């Protein structure tokens with residue numbers, strides 16, 4: 001977006017020369033839950049309280065005496081430091097007296113507390129018993145987050161009692177915890193999957209909270225996707241109802257990148273990178289065949305971010321199909337007509353489809369549409385297998401006797417199971433350290449993450465109800481269409 005012309009900006013204040021000033025819209029600071037919301041503080045800096053109940057201590061941050069840090073006057077984050085959820089403003093509307101403030105760029109943005117270390121903390125490191133759990137499907141970077149939580153707690157704050165909870169949420173009440181320390185996790189960032197093991201489902205709120213109290217955990221770090229975050233929100237509410245001195249934070253994990261508010265979830269960069277290998281293989285197969293189609297199904301149940309960014313990164317893709325867009329197969333303007341034209345032009349074509357795309361095209365019984373996995377997510381029909389079958393049926397009807405090949409590649413489990421790449425490894429470290437700083441400062445019921453590239457703390461309540469979907473009317477999707485030259489699939493004219 002270019003700068004507005006000078007006559008579009010209302011100059012205010014003492015701006016002179018080539019500069020122009022405008023007054024940005026007011027913003028609302030989102031309150032972040034804190035243990036002091038329902039627990040008293042001791043009022044001094046000497047400590048007090050027990051593991052999971054009683055008053056909150058207030059202590060100087062031990063980073064002050066850490067030999068590897070030299071905290072300056074700006075090192076610690078002020079309670080008034082915030083990160084804006086929106087950084088785009090229309091200066092013409094912002095300075096006018098008009099009520100035309102419907103544009104999202106000038107609507108009153110939310111502001112979230114900035115993440116990072118605080119000068120005073122509300123946990124005595126010697127009294128901390130931290131628990132770390134991974135839930136849901138595999139995701140590149142899970143082991144890095146676990147490692148950095150353990151190392152960060154130990155080396156930044158001197159916490160020694162750190163435990164891993166195996167088997168997801170059900171592990172709290174059905175498995176023995178695993179003692180963790182920097183030595184035991186030193187090479188975990190080089191491994192895919194999760195060394196703590198994971199499961200879906202098993203969420204029994206009362207059993208989980210009772211087990212947490214029984215083991216004396218007073219810090220809980222939950223790594224998972226949107227369903228896991230909703231579970232963490234329920235746990236937070238139960239902690240608050242029982243007035244327990246236990247902080248809980250979520251570390252958002254989903255390769256689909258469908259968690260809202262934050263810029264991205266960890267594992268996404270790695271997923272896009274590995275998806276390139278599948279697309280490259282599909283392109284080679286298609287290009288080496290007569291009338292060859294390379295069909296790649298990528299992860300993306302309700303959002304198509306992986307398919308979108310893999311398409312943009314590859315430049316070998318001729319058509320990208322995502323859940324946020326409708327498409328049809330037969331008739332003028334349909335997918336088959338597009339493929340036919342592309343095969344005439346290039347003699348091959350590559351199609352990328354997200355797993356949640358085109359589900360309405362596949363015939364299913366009512367009972368099949370109601371099926372759910374243990375996490376409560378709807379079970380989808382395999383759009384890749386369906387399209388492969390339909391491609392062959394269409395070709396036999398439209399071009400009988402002519403050679404035709406479809407090579408179908410589904411790299412789902414290959415993408416999920418690989419170790420994090422360099423970008424995600426760095427990101428996971430920053431997420432883990434941000435979470436630790438927030439919990440040690442007494443915040444609870446929150447998620448850490450970058451908001452417009454600045455790390456902030458977002459209430460779990462906001463994360464649980466917000467989705468990050470692909471906007472098919474924005475510049476990025478237009479860029480995809482300009483790269484693939486695919487039509488804007490709509491309603492069939494037949």
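Placement of Cβ uses the backbone N, Cα and C atoms for every residue, glycine included.
The active site, proton acceptor annotation in TrEMBL covers 256. Residue environment of residue 256 (active site, proton acceptor) contains 27 other Cβ atoms, counted within 10 Å of its Cβ in all protein chains.
Residues or ranges marked as ATP binding site in TrEMBL: 137, 200, 201, 225, 226, 227, 228.
Here TrEMBL flags 226 as Mg(2+) binding site. For residue 226 (ATP binding site), the number of other Cβ atoms no farther than 10 Å from its own Cβ, over all displayed protein chains, is 26.
Less than 8 angstroms from the CB of residue 414 (substrate binding site) sit 274, 278, each of them six or more residues away in the same chain. TrEMBL lists 254, 255, 256, 299, 300, 301, 355, 413, 414, 415, 416 with the feature substrate binding site.
Marked as domain 'Phosphofructokinase' by TrEMBL: 129-437.
Sequence annotations record features per position, and here TrEMBL assigns region 'Disordered' to 33-57.
The site 'Important for substrate specificity' annotation in TrEMBL covers 227. Within 10 Å of the Cβ of residue 227 (ATP binding site) there are 20 other Cβ atoms, across all protein chains.
Counting every protein chain shown, 28 other Cβ atoms lie within 10 Å of the Cβ of residue 300 (substrate binding site). The binding-site residues near residue 137 (ATP binding site), taking a 10 angstroms Cα-Cα threshold over the set 254, 300, 355, 416, are 254, 416. Across the residues of the domain 'Phosphofructokinase' (129-437), the predicted structure has a mean pLDDT of 95. The least crowded of the binding-site residues 137, 201, 225, judged by other CB atoms within 10 A of its own CB, is 201. Within 10 Å of the Cα of residue 256 (active site, proton acceptor), not one of the binding-site residues from the list 200, 201, 227, 228 places its own Cα. Rounded to a whole number, the C-alpha distance linking residue 416 (substrate binding site) with residue 200 (ATP binding site) is 15 angstrom. The Cβ of residue 254 (substrate binding site) lies under 8 Å from the Cβ of 136, 139, 225, 226, 265, 267, 268, each on the same chain and at least six residues away in sequence.
Distance noted between the C-alpha atoms of residue 228 (ATP binding site) and residue 355 (substrate binding site) is 21 Å.
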